[in-house]
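These notes are about the structure you will find just below.
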Amino acid sequence: MRRPDVVDSVAALRAQVNGWRRDGLRVAMVPTMGALHEGHLSLIRIARKRAERCVVSIFVNPTQFAPSEDLDKYPRQLTRDLDLLATVKADLAFTPTVGAMYPAGFATRILVGGPSAGLESDFRPTFFEGVATVVAKLFLQATPDCAVFGEKDYQQLCVVRQLCRDLDLPVEIIGAPTMRDAHGLAMSSRNAYLDEAELAVARQLNVILHKTAAAIAAGAHGDDTTGEASRALIAAGFRKVDYVEARESLTLAPWRRGRAGRLLAAAWLGKTRLIDNVDVPIA
Ligand code: PAF
């Protein structure tokens with residue numbers, strides 16, 4: 001299996017993408033922060049079905065970390081990531097340095113409204129500003145035809161869609177279903193921080209969300225039910241629940257009966273914060 005070529009400058013990235021485009025090839029991008037796992041590989045498999053060439057960016061983006069979040073401890077394992085990229089036949093890895101992405105004097109931030117309100121933003125107020133800024137940069141650097149984002153980070157997916165719509169970025173955004181283990185636990189780099197006992201608790205997150213979504217769809221009152229879900233998560237062993245909320249699935253406006261919905265949650269297990277979301281079926 002051949003590792004993808006690696007470029008770390010925008011000039012080299014553009015030269016490669018422009019060459020593909022001259023040959024009439026469609027280009028997909030999968031933005032990542034590395035520490036790749038099966039969830040990322042599933043995004044790349046989808047990208048390869050939707051385009052002839054696939055660029056994967058690996059960049060731990062400092063602007064989406066709050067000072068309290070440990071940017072330095074975020075896992076960096078480029079050699080392993082490149083080996084994994086070889087298994088899914090990614091064509092190019094883009095690995096810019098922090099200095100190249102944010103040179104001295106960099107002073108621009110992109111604020112996306114709409115779907116960024118509440119949920120993650122209540123607990124990580126500058127997170128989506130950092131994500132929107134880096135994703136816009138990556139799209140302008142790589143000029144992909146399409147890009148794949150996981151539904152695991154559902155609010156992020158909605159924010160990126162809004163960003164592209166509002167700024168007329170000509171990139172088709174493809175949402176990919178969450179990869180789960182045999183017990184339904186959503187795959188995440190953070191699962192590596194959990195011991196066996198914590199994993200058993202973590203697996204209750206999707207179980208409780210599915211039960212709650214079914215109860216809401218069957219007519220239970222949204223706020224009462226999400227309150228019950230928070231209590232069920234604490235009873236299952238979670239230390240703290242940041243939110244359990246039903247939202248409209250396209251806009252992330254507060255959910256109203258009869259509309260397509262999404263139930264989203266974030267909860268702490270020891271020092272690890274897990275997020276997940278499930279569909280609220282239309283009854
Ligand atoms: O989901 C992620 O890994 C990051 O938020 C992203 C989209 C790569 C931007 O840094």
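Heads up, residue numbers simply count up from 1 along the chain you see.
For all residues, glycine too, the Cβ spot is worked out from N, Cα and C.
Residues or ranges marked as active site, proton donor by TrEMBL: H40. Feature annotation from TrEMBL assigns ATP binding site to 33-40, 150-153, 187-190. Taken from TrEMBL, the feature beta-alanine binding site applies to Q64. What TrEMBL lists as (R)-pantoate binding site is Q64, Q156.
Among the recorded positions M33, H37, H40, G150, M187, the ones whose Cα is located within 10 Å of the Cα of Q156 ((R)-pantoate binding site) are G150.
Here the Cα atom of H37 (ATP binding site) is found 20 Å from that of the residue listed as 'beta-alanine binding site'.
A sphere of 10 angstroms centred on the C-beta of Q64 (beta-alanine binding site) encloses 21 other C-beta atoms. Distance between Cα atoms for G150 (ATP binding site) and H40 (active site, proton donor): 8 Å, as a whole number. Proximity of the recorded positions (A35, H40, G150, M187, S189) to ligand 1: a Cβ under 6 Å from the molecule is found for none of them.
Ranked by Cβ neighbours within 10 A across all protein chains shown, the binding-site residues H37, K152 are led by K152.
M33 (ATP binding site) and the residue listed as 'active site, proton donor' are 10 Å apart (CA-CA, integer value).
A straight line from the CA of A35 (ATP binding site) to the CA of the residue listed as 'beta-alanine binding site' spans 16 Å. Cα separation, K152 (ATP binding site) to the residue listed as 'beta-alanine binding site', rounded: 17 Å. In the three-state DSSP reading, K152 (ATP binding site) counts as helix.
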